[in-house]
Every structure is written in C-alpha cells, then in structure tokens.
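Structure record follows, encoded as structure tokens.
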Amino acid sequence: MSLLLAAGPASEPAAAPASELAAAAASQLAAAPATWLATDAPAEGLPTGDYLAAAGTHTLLWLLIALPLAGAAVLLLGGRRTNSWGPYLAIAACAGSFLLAVVSLFALLGLEERTAQLELFSWVPVGELQVDFGLLLDPLSATFTLLITGVGLLIHVYSLGYMAHDPRRRLFFGYLNLFVAAMLVLVLGDSYLALFLGWEGVGLASYLLISFWFYVPAYATAAKKAFIMNRVGDVGLLIAMFIMFATLGTTQFAGVFAEAELLTAGTATAIGLLLLLGACGKSGQFPLHTWLPDAMAGPTPVSALIHAATMVTAGVYLIARSLPLYEVSETARLVVGIVGVVTLVIGAVIGCAYDDIKKVLAYSTVSQIGYMFLAVAIPGAAAVAILHLLTHGFFKACMFLSAGSVMHGMDDQVDMRRFGGLRTKMPVTFACMTAGYLAIIGFPLLSGFYSKDLIIEAALDQGGLRGWLFGLTAIAIAGVTAFYMTRMMIMTFFGAPRWTEGVHPHESPAVMTGPMVLLAVGSVVSGFLLVNVFPLQEFLAPVLGSEEADHVLPPIVVSIIVTLVSAAGALVAYAMYFRKPVPTTAPVAVSPLTVAARRNLYFDALNENLLMRPGQYLTRALVFADNRGIDGAVHGLAAGIGGGSGRLRRVQNGFVRSYALSMFGGALLVVAALLLVRIGA
C-alpha cells in the first residue's frame, strides 16, 4: 500500500459530497465514453502529472483481468500436462496483474482528474438497447485492485507449500486465478451490469474452492449453503438493476449517478435496500451471514482469500460505489448502519464461544466487516471504511495463513483445546499471528488502531441518540474482540501442550512463512502509512467525498477509551485462560448465552424452521399437485384412450369364425331393432 502516492497536506479543504463528485465525473464520462478522460480541475490535495504519458499505459488495463483469466483457462483446460508447472503459471499471472495494478496506479496519479474509462466492446446491441462493456479506473477501483492482486499473490505463493501434496492442486490454482479475475471484473467494471458479471464469477469460484474437497459430505454441504445464500443476495442486486433500467434507462455508473438526484425518495430507498441485500450476501452480513463461517470447509488459503482480499470486500465496494444513491435516501443509509452494528455484535458474541481456530477467525471477519458497513453509512466516513478494509486485508490474511501454518504443523487439527505451548515449536508462525492479533485488537500504533478508532470517532461524531448508540456499541465490541482474540492466542500458543498422541508440531516451510511475514509487516505499518504518509482518505476523496464533522469527544479521548476497553477485554481473557488449565473438551455446564453462541445464536435453526422446512413442504405440495393434478389429467386421458383401444383391438383377432359370429350377432341386432320398430308401430 505504500505505492498509494497520494501525498497532500492534511489541512487541505474538505472535498465535495460524493453525489456532487459523482455527478461531475458522470458528466465527463458521458461526454466522452470511448476515451481516457481528464478535466482541467485537479483533485483537492492530490498531485498532478502528465496526462498524455499516462493515457498510453492505461490502454493495457484490460490485461489486469486477462492475465489471471488466461491462467485459469490454461490450468482448468490444459489437463494433467500442466500439473508440474501449472501452479507457477498461476503465480506468474497474479504477479503480472499486481505489477499492472501498480503501474496503473502511478498512471492514474498522472491524470488531472483521477478518473479514466476505457470502453472495450458493445455487449448487448439490440435495437434501442445498447449495453457497452468497459473498465473504470479511479481511486476506489485502483485501491481494490492493489488489495486483490497484492494479497492474492501472497496467498498464491503460500498455497504452493500448503497444497504441495494435494493431487488436484492444479485445479486449486486454476480456481484461485479465476477468483482473482472475477473480483477484478467486479471492481473495474464501469456499470452495475459489468459488476454483476464479476459478482457471479466470484460466487462460482467461491463455490468451487469451498467444495474443493467435495468428497467430504460436510464440505460439499457448506459449499451449497454458501452458493444458495449468495443467490438470495444476488436477487436483490438484480432487482435493483431492473429498477435502475426502468427509471433511469441505464445501469452505467455515469448515467445512474448523474440522474440519482432525480429519483423519488421511495425509488432511491428501494434501490438502496436491494443493493444492501446483495451486499449482505457477499459480505456475510446479517441476516445472510451464516454461510461465511461454514466456508471454512475449504483449504485455508481459500479462507484467507475469501475473508481478507476478495469476496467479503465485494459488498463494501458495492455500497461505497453506490454512495450517490444512498445520499438520496437517508432511510437506506440508516439501514446500512443498523445492519453493520447488528452484525458486528453477532460476530463478536459467537466468536467468543468457538474452539475451532478457523471459525473464530471467520466470525471475527463477520464482525470486522460490520465495522466497515457502519462506517460507509456515516456521511463523510466511507473512506475510513475503505481504510479499515485495507488494514483488515493485511491482518486477517496474516492470521488466516498463520492458522493454516498451525494446522500444517499439527496434522490439520483445528481444535484450540488440542493446541497449547506452540510458540516455541513455531516461532515464526507465533510472531506473525501476534502481529495480526495486536492489529485486530487495536494495539496503539498498529494498523487496526488507526482504522478502527477513526470509525468509532465518526460514529460518535454523528451526535444524538444514533451517534452515541452506534459509537458506544462499537467501543464495547472492541473490548469483546480483544477478549476472544486473546483467548485464541492463549489457547493456541501458551500453556501446557495438549496435543494428541503422534502429533509432532513443527514450523512451516519458507514458502509459507515468507508471505506470512510480509503480511505481518503490513499489519504493523499499514495503518500509520495510510493515515500519515500516504493519506488514503485524501486519495479517495474525489470518489467518496469527505466531510469535516465537529468532534463530540476529542480524538485522543476516544483512542484512550477504546484502548482501555480493549485492554480490559484482553485482561479478562488472561484471567480466564492463562492462569487456569484449559480442558481438552468443551465444558458442558455453561451459561445460556454460551450455549446459544455455540449454536450460532440459533440463526441456522431459524433459517431451517422458517425458510427451509416451509420451502420443502411447499415444494412437496407442488410436486404432488403436479404429479396427481396436471400430469395426472394428461396421463389419465392417455391411459383411458389406450385402454379403450386395447379392448377394441381384441375384436380384430384374425379368426374367420370370430368375424362370422360378429356378423351373425350384428344381423340379430338389426332384426331385433326392426321387430321393435314394427311392434311399436
């Protein structure tokens, strides 16, 4: 992230609101849809450069997507002949994409207007309906491309060691490349339709990766759960696009944002809530959050990729990109904040009760994404949400890869009650996990300290009941986060060894620890760099806007309070788990809240009883009605005609005596009829 050279004095005037900035950019884009765009007015607080030199570089922007997509195609279609060198091709493709992302960033800094659009082809030319496919590079998409390709590259390298002995690792790397390519389409597309193409690609790739070990029934079930729950959110995104097209005549970002203020409040609210539904599905937010912890069924690098660099960030990107729509509807914006607060509480509470190290980290992701949703719903604080997204990408990827290293050295054990004392056996893993741990709990001067404190400050600065409720909840959950993260560290690396017989803990190879160390460094320094050296908020201001709010509490006071609350949470965990022996089995006599947390606060049970079971009953009723009603009528008519035809066929049997008997019988009937007529006369 040190490549974000958006230096500028912190005292620069605040940028305009996102709606005004988006409208200005939209008018520029609409005026010249097939060219690189630059205006005469530079972005506030950002350096300018030579536009002409930057334009040629950006024409290769499509290669950002093409490289990992080509790598995926070669690995998935090349067959066994690619087994030996395929993983290295995947790494090279991701590395090339990362280098292009860096070059594109520098080229973007050379544009006076930090927005560049490249139209690639006409996608749907049908009559008056003209849908173009293009790429849009601006500070927001450039930031995401660096995160996706940078962290994705480190995860690719780590996977080289983690999946070394898997016979299907060629397919695994192909799926990883497909994941990265789809995510790049999502963040670089210049319309909601292009975004949706990448959105569905990410859903497919996640399904393939979560179910990579599909021969384990539980893993296949987890993949289906993720796929189906994401489809619920996708329906919301689709309907939102239908409404955009019906009311505005376009799904292009330029057209939608330019006309956003013309939408009625009801229409804007409907679009905002439907977009939120889609975001909740991809980012694992309430009420569509239950799939995310089950996604731990996939290999650990998949967990890191989904939870740190790609899939869970998609929902945050969607809301941030759509800010001009949310500025029209305060109701939709408030609901985004409420969803974020509810989710950060749910994730933290459940994370306290699990003993599975990967699921503890999974629920911490649910909670941390909740912080991002809270921030993106606060006027002027969307850039802070992206700051936390970046720092979270570093420390959460570091922690997941460190957890994978622990599992690698413990014969794939995930139960923290079977760990203990591993800091001496895995010193590098311990150091990396410690860096991630200190960052996520907000230890002073580490990355999480900067980003989380800024979110809490922004929440409090709203003032009124909403500001205090959101802010105090965020502070309290900071303490809960410190509790369950400290619990995880103590149970894993401290205390007496509780290993099962035959387990011999050992450090992971350098190909795995190398990426962990780089991510640990990012976990330590990224917050300081992105706030004080290369100000991310100023870099993102042309897209997300910024507002100077009056502080309810001085920032230093907020930082002290959050630090003290986090320290209290860590001390409680220390008293409960460090000074007492950790049992190798989970205690049975626990509080009702612990029981509920172990059962995911009964959300799975609610989904099963309120949605799945009624759906099954309805489906069975429809099948019965179809089989016995519609099909029954059709098949019954056919069977009746067939039965009658069969009986008539027996008359035509080929025997002359039968025909003579039939003729005689017919003659008798004729004579009898004549007699009856005569008698009647």
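Cβ atoms here come from the backbone N, Cα and C positions, even for glycine.
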TrEMBL lists transmembrane segment for one of the ranges 12-32, 516-536; which is that range? 516-536
Among 140-160, 392-412, TrEMBL lists transmembrane segment at 140-160
With pairs closer than 6 in sequence left out, are the transmembrane segment (516-536) and the transmembrane segment (140-160) joined by 3 or more CB pairs under 8 Å? yes
Can at least 3 Cβ pairs under 8 A be found between the transmembrane segment (235-256) and the transmembrane segment (172-198), with each pair 6 or more apart in sequence? yes
Best-contacting stretch, by C-beta pairs under 8 Å, relative to the transmembrane segment (467-485) and drawn from 172-198, 204-223, 428-447, 556-577: 556-577
Other than its close neighbours in sequence, what residues sit by the transmembrane segment (204-223), given a CB gap under 8 Å and a spacing of at least six beyond its ends? 168, 171-172, 175-176, 178-179, 182, 230, 291, 294-299, 302, 305-306, 311
